[in-house]
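Visitor: Marked as domain 'PH' by TrEMBL: 260-358. The region 'Disordered' annotation in TrEMBL covers 381-414, 446-474, 618-690. Feature annotation from TrEMBL assigns domain 'PID' to 483-619. Feature annotation from TrEMBL assigns compositional bias 'Basic and acidic residues' to 618-648, 681-690. The compositional bias 'Polar residues' feature in TrEMBL is assigned to 654-674.
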Amino acid sequence: QTRSLLGVFEEDAAAISNYINQLFQAMHRIYDAQNELSAATHLTSKLLKEYEKQRFPLGGDDEVMTSTLQQFAKVIDELSSCHAVLSTQLADAMMFPITQFKERDLKEILTLKEVFQIASNDHDAAITRYSRLSKRKENEKIKAEVTEDVYTSRKKQHQTMMHYFCALNTLQYKKKISLLEPLLGYMQAQISFFKMGSENLTEQLEEFLTNIGTSVQNVRREMDCEVENMQQTIEDLEVASDPLYLPDPDPTKFPAHRNLTRKAGYLNARNKTGLVSSSWERQFYFTQGGNLMSQARGDVAGGLVMDIDNCSVMAVDCEDRRYCFQITSFDGKKSSILQAESKKDYEEWICTINNISKQIYLSENPEEIAARVNQSALEAVTPSPSFQQRHESLRPTVQSRPPAARTSSTGSLGSDSAALSALSLDSLVAPDTPIQFDIISPVSEDLPGQAKSAGQSGRRTNPFGESGGSKPETEDSILHQLFIVRFLGSMEVRCDESPDVVYETMRQILAARAIHNVFRMTESHLLVTCDCLKLIDPQTQVTRLRFPLPHVVLYATHQENKRLFGFVLRSSGGRVDSRQTSICYIFESNNEGEKICDSVGLAKQIALHAELDRKASEKQKEIDRVKEKQQKELNKQKQIEKDLEEQSRLIAASSRSNQSSTEGQFVVLSSSQSEDSDLGEDGKKKRESE
């Protein structure tokens, strides 16, 4: 019965322990929450007091807002003090009783239970040893020890059991006390807190809160009105900006501005990541004076990309992307390929960089000067109404004068002829002459010696004269100079004896490019050799065009812009038209116009000396062939005379032999005749020859 009743008490103690643990956790959460609320309230009051020290970029010195927040900080600080007092009261009146019951009373029950279990086990072990005493060999000493153990263990078990049972009985009273005391302390702490709150929240504070509520409502009404106005503005802007949402708007509705000297916007920049691979990165680009700047997203300021004073800009084809253009520095050492988002941006960027390259931005009214420059370019190729009549009626007379000395940057085969500077422009370039802006290989029969090059246009050419398989046609040339050029255009000209024709062709081609918005320029490598001029694709090394050097009759550099140069190519007519035609080709280089013209002049001099040496060599070979022929004739005559003398000696010896033996001859003759009749015709011939 005792064991059964003890089990009931132990089960009840376990249930009390489980329930008290749950209640302790709940009350601890209240206590933690109150501590957190007290700390948060104190932090809120502190932040409100620091509002006047803040420096908001868009917020001015609002004294009303600052004073209002200071009043709130004062009230919240008082509430924070009340919450701190409440936290202290909860710790003393609520948490302390339940913690004491949990940590002291319940742990005492567990400790006594373990001690009682040990004493019970010891008593059972002593009884077991005592029951094992032998009845035959009785040992008084062992018996006394076992008896003493039984006595001690039984006494210990009884004392432990009494203390354990007493603690279990007392637990029933402590359970009630531990449940009621924390709740009583909690309620008293809350009542005290509310009393302190009612004392702090006076009628004056209530009036302050009412005024603040009214102000908040007014601010809300103003916000609603402002939001409504902004929504209307957004709708109007959406309707007006609908065409601008297209990535490439209609250029007729949104024309490009060509007079800009400043430009900013997003561009895609090409970055080489390997020998043939590349990547594109979108960045914000803007011009700053004569510099092109870029700024990546997140950067504080922009960085210098390139100095675009005296630079060159041209449209390029790059990786099958649209609206690409290339900017090359004035010295040609640095270049950058960029891609615009639309045709409008594409044209505006090219025009802006061209205007900056001419240093228009340094003037007082840069846009006005840029407009004047563009207008003058338009008027440069706009024919007057009486242009055709003037062309028909005007026939200028060539006025001859002593030939002028040729500079190193100009040259022609007819340098000794009279200068044609007095001629009108119509005599240099025919009106309404078409201009070719792209590189197109000429008809093979127009230029003698180009039939092969037309068939070999697909063969890769090494600009340095090295080849693995076949022997290149320029391998024996002692001059190989390579230049980077950009093709501007070509057109047929009437005269090829004066540099003025090159200057006039440059003017018309540049003006036509400005009028027709042609910004694309094909970049090539110009190879100057003693045989020809070659335009080579810089990527594929394929020969695009070949100009035989003897047909280049005139070459010159622009008088002011030394990057521009051109040459005139004289060609015979084709199959249909046999007349000679002259075509002027205009190029742009990287400040190397004079070098290219000097190189062409040097190549023509080398070719001239080589031609003179070739003719002298051919003449010497002809003289050597005549001497050799005469020597052969003389040797042949001597051989004939020697053969005749030998035959004469043989005939004289034969006649002396015949006279000495006439009879023998008859016998021999008769026998030879009989043999001849037997041998037949072939034998007779053989005998006669013998």
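The backbone N, Cα and C atoms fix where each Cβ goes, and this holds for glycine too.
TrEMBL annotations: computationally assigned, not manually curated.
I'd like to know what surrounds each of these features in this structure.
Guide: DSSP places the residues of the domain 'PID' (483-619) in helix, strand and coil in these numbers: 46 helix, 54 strand, 37 coil.
Not one residue of the same chain 6+ positions outside the compositional bias 'Basic and acidic residues' (618-648) places its C-beta atom under 8 angstroms from a C-beta of that stretch.
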Visitor: Could you put numbers on the helix, strand and coil content of the domain 'PH' (260-358), residue by residue per DSSP?
Guide: 15 helix, 46 strand, 38 coil
